[in-house]
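The next block holds one structure in the form of structure tokens; read it before the comments.
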């Protein structure tokens, strides 16, 4: 089970309002089950982002707590990055793949690890502000350039972290009278000083923001303000169809691909977005790429070619996408949106559309929709990136887009509707292909009109009317809705409240958001401190209060999940805690703690202003503009937060916060706001111990009764908690130092006690207790740091009589969250106050503990104290073990309800000979475990020589080495006899077993299909499962294609030949070449299986290359339809085996190199990436990992030849005996004979679409490429 990354991130989620934050990961995020644009927070760092509090009880550890455990995440197994030491986000084959319907996009806003106590990822100072000085500061803040009639949006997500509790927080200064305060709060917030806005004569609006991360690259996004919400009854899905046809039909976009540019597109309720990520200049000629990128976007949006052949290709692609998207998560999302927005089209206009309509449209129908909506005044262009000459960019925009639409429409003067309102949009004359202004002979339909109808964007987006959940609304309570399905595993209920968006444009607006943030941040602690039994009634309780630009409203949601048999108690507990918070409010201690945390975290965020990626900034601005919030940069966000913080009072916080919760706390009262909807999603059957599967029944009346009974339960005020200032006192530290005499000792093989490499800035040390330490000073993330402990062993060290012991043990440690004499709550608050986020993870080959911290207020020292206490005085609790075991029992039982997980699980069992260490532990294995066995399984790994700590951050040499000696050096040395556990042999199953091909059939109301194809590979360092060292035979390896290799060899002369020789002798040879090979195979799979044959919508090739285990494997994942999936599997096998007959072309290798090198360059500014590079640098079980693997990485990629790629390819076992495949089919007739399409029915081409995040984010179409 790959990285069993569990994410029980109990946290607060808010809509971003201040400024985006980027932690170095600007890749499009994976599937977010929660809908809406929300950002996870830790109350530890209450940040003004989506007001969401999430409390997940199994781990009873707040999101800010030190050990928030995350149940198995499906990441980290099949997709380990080939670059040394870096683990790419991936999925565990045993757990299946998260086929996110909407997730290829990043979330707008904050992207950062949240302060939290131990998150189990196994799978896987500002003094009080003076109001007057704040006013002076405000008047000096520079404002941005404003475009005509352009609403200013607000925005940055507030940091997640919480600072040391201060009881001396002096709130409203007495010298400020109410009139002055009112005047101050009415002042407008400052606009982003570098954000340039403008509008062309034809109405096209544009925004330009210089941003240096990543360097020499920029983002260009064309947002057309039309989406599924604008479709008529017979047009459902047509906006998405146009996205496909326009984007993939653009020749100018295709030409950009050779420059290193990446592009994609997606459709949502309220808009369609085409985006290009491009270098600023071409690599060789240094030609400016801005004009070419703008020209491509112009062709895509305003000059598409609606060729019949392209329309038919995309019709087939979308129909395939529709079936692939139809997971149970998508269906749940549909249910939530249908009931939340039952009064308008948001509840029934899902972007993917309706199958029966998609099949019917002709080219003319599609073109007419484009003509109606695709015009300059209905679009906004965003350009964010490494820009040094804004006037030149403006000139390029005018030159490329300026003539569009001028010949056939009046220029809109304002965004308000015309005389015909929204209907005017449907009366616009037909413009051929939407190319107004570029054609001459095709104006016959419009030339004789005396007056053109003005085309304008809607004044309100999305153009729908809502029934608001406001007190006094004369609407009857809608009965709870129940969605039952056999593929659901747990009970989940959502109570929704829907109100208008409150624009954040003044200091008073920001103050209200801050007060709500403080109030809602308390909820997770309320629940976590009260429910500590081994079988708590709920799995998670989550309160979300967030703005949604895509839905045009603010939604507050209480979500309760639980095991079905516990659902009534879970609902009672949740509403009881909400009522307690509403009735008694937050305490003085909570107010000071959360306020301090917000100020400290926003200060840290402001210091990171130069490290936010362009795509994060752009997404944030786009969402903020949709909500009409004022956009500020991080520095402005911090200054304004400081300004309003000093005016906040406890009474106002509780008054403002209570209003948010009234729809729950006052439920049933005549004056209470009515919930917009109550929706329960439940399984049809549940597992009952000793009985098996039995029917699960629930009624609307029972739900109402459970809510009311929870509200009637007696409640008491929240007690104050004592928060430790430190986990180890100075006197204790002195005593330990005297006892253990920590010091640095010579590093094995060097004779030196300190190795420092000037080129990389990496320093290596070894402590007298055996712990190896690597650190790198980095200023790219100001005053921030990250630390990781890696302990060799992991699940591979589990024995046949302790299956699951390591993974359950790590989860147990996370669930308990205690160290020394401190309670879990004290440890959590310690982490909150010091802005520490800690996570635990167990993979197949190691256990890891990671800490993110700031260097403010001794944050690094606090993180080291926590690590010391975990190593020296961790506490193992029986009830924590019970919760951990129950979690994995539930997780195992849910496998048959997931097509992807069930298919992947069966494949892994077949390929690895039933080895349970690579899949979820079975109920039988789990029942045989006890607290002592899991504790021993985990702690036996913690032997000095088996532990390596790496740290990257903005610290000084003196600071870091003092912490290393004080807190790591004083960890008790291992006994001489102590050795980390060995591992039982890992074997691939022999072909004689006849399990090379298998199938899984899943009964479902809807049809879907997926497949996995896998086989053996070496590990990253050239070792194989058979014990071979490939470096010993690299010179004897068979060559792939004599003709090719011979001609290429002739090109290698002198230095080139020496370079190739050096590459083949380098320890990272197979890591580098396998990475390039994966890129090439991925490209071929998409081109052949998806685009040419049209057999799939989504296909990928991934390599899992271990570092410590002598094996690896490759996996091809493909989704399809039951009628095509068998041919899709055959096509994937043909591509995989076809590299000899269809030899690799130089352009394929060049593109693979460019992709990986660009990714490497972009990631180098991230502390987390450097931490990955440092992994295993001193590990005795990874002897080939050395500094050259980091220093020479770029030159290794550049030196790789086609012959080298074939040397790597020949190590993949792709013959029929070694290759394993498993096909999963879901449908009403699953298990019966599936009709396979004939050759004539096979489509010629296919492609994929996109998805943003948010409630119903699975509605958004997938990326187009």
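Keep in mind that glycine also has a Cβ here, set from the backbone N, Cα and C atoms.
Per Swiss-Prot, the feature transit peptide maps to 1-143; the stated evidence is an author's statement.
According to Swiss-Prot, the Zn(2+) binding site annotation covers 240, 244, 321. Residue 321 (Zn(2+) binding site) counts 27 other C-beta atoms within 10 Å of its own C-beta, drawing on all protein chains shown.
Its own atom aside, the Cβ of residue 243 (active site, proton acceptor) has 27 Cβ atoms within 10 angstroms in the protein chains shown. Per Swiss-Prot, the feature active site, proton acceptor maps to 243; the stated evidence is a curator's inference.
Neighbours of residue 314 (active site), defined as other CB atoms within 10 A of its CB across all chains, total 28. According to Swiss-Prot, the feature active site maps to 314.
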Which Cβ among the binding-site residues (240, 244) has the fewest C-beta neighbours inside 10 Å?
244
Between residue 243 (active site, proton acceptor) and residue 321 (Zn(2+) binding site), how far is it from one CA atom to the other, in Å?
14
Which one is it, among the binding-site residues 240, 244, 321, that lies nearest to residue 314 (active site) by Cα separation?
244
